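Novice: So Swiss-Prot lists the following for this protein:
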type: MOD_RES; residues: A2; note: N-acetylalanine
type: TOPO_DOM; residues: 2-28; note: topological domain 'Cytoplasmic'
type: TOPO_DOM; residues: 45-50; note: topological domain 'Lumenal'
type: TOPO_DOM; residues: 72-89; note: topological domain 'Cytoplasmic'
type: TOPO_DOM; residues: 107-110; note: topological domain 'Lumenal'
type: TRANSMEM; residues: 29-44; note: transmembrane segment
type: TRANSMEM; residues: 51-71; note: transmembrane segment
type: TRANSMEM; residues: 90-106; note: transmembrane segment
Amino acid sequence: MAAVVAKREGPPFISEAAVRGNAAVLDYCRTSVSALSGATAGILGLTGLYGFIFYLLASILLSLLLILKARRRWNKYFKSRRPLFTGGLIGGLFTYVLFWTFLYGMVHVY
């Protein structure tokens, strides 16, 4: 009798250390883009809702760039696609507001 071997979809082994490392890189990217976009919003003088819309656009752009970079092999680097869209989003918002208000104050107030 011939043994039937079922093929598994996805990677055969997922290293937890690699997944944590990828999450750390994703968090670093999100924090860096948040700081850069916050500084840009502050220099441009965006206030109120326009500033938060700018953050959402920057976050969406980063997520799209990460998806384009990973292409169809996202499951090789992450367990699901959700971290690519939502990973570090709230922490990035705090960084964004910090840089936004600091540079707005430095450029437009003083």
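Backbone N, Cα and C define each Cβ position, glycine as well.
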Novice: When secondary structure is assigned with DSSP, how many helix, strand and coil residues does the topological domain 'Lumenal' (107-110) contain?
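Specialist: Going through the topological domain 'Lumenal' (107-110) residue by residue, I get 3 helix, 0 strand, 1 coil.
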Novice: If we skip the immediate neighbours and take only residues 6+ beyond the ends of the topological domain 'Cytoplasmic' (72-89), which ones have a Cβ under 8 Å from one of its Cβ atoms?
Specialist: 10-11, 14, 18-19, 22-23, 26-27, 30-31, 59, 63, 66
Novice: Same-chain Cβ contacts of the topological domain 'Lumenal' (107-110) under 8 Å, 6 or more residues past its ends?
Specialist: 42-43, 45
